[in-house]
Amino acid sequence: MRKKIIIYTDGACSGNPGKGGWGALLMFGELNREISGYSPATTNNRMELMAAIQALEALKEPCDVDLYSDSSYLVNAIKLGWLKKWSSGGWTTASRKPVENQDLWKKILQLIKLHNVTFHKVKGHSDNEYNNRCDYLARQAIKNNR
């Protein structure tokens, strides 16, 4: 039986593009693990995707995952089927332009084949303590690398 994991993720950017950070909180029962990272030149969307990638890569075995993000870009790409359309349509958008952040989307595609991931949208910068913690981790990653 697969372990059930709850993940919260967030990304931040100082300037867009600019210096970026991401943060994630992984919860398994009573155990919590926080991870974060930094990029010197990036976008907010790349940091949102990176948070999800790094969190899923931190899992040591295939798991059932509920992943919570305030990123409509991330959640909608999965829930509205954009990612499937992009991957089966030669990585172009409906307007025939190349999909942005293909490298990260391809990685997410690999990871959601390994793990059973359900994506959930949460409201950012509100009263969700876990999302707020991830926002703090992402912003601290930027601050610590100035």
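Every residue number used here counts from 1 along the chain in the order it is shown.
Even glycines carry a Cβ here, placed using N, Cα and C.
In Swiss-Prot, the Mg(2+) 1 site is described by D10, E48, and among D66, D70, D103 the residue recorded at this site is D70. Neighbour counts of Cβ atoms within 10 Å were compared for the binding-site residues D10, E48, D70, and the top value is held by D10. Apart from D10, E48, D70, the residues listed for Mg(2+) 1, the same chain places the Cβ atoms of T9, G11, A12, M47, A51, S69, S71, L74, G124, N131, C134, D135, A138 within 8 Å of the centroid of those Cβ atoms. Across all of the domain 'RNase H type-1' (1-143), the predicted model scores a mean pLDDT of 97.
Of all Cβ atoms in the protein chains displayed, 21 besides its own lie within 10 Å of the Cβ of D135 (Mg(2+) 2 binding site). Taken residue by residue with DSSP, E48 (Mg(2+) 1 binding site) is part of a helix.
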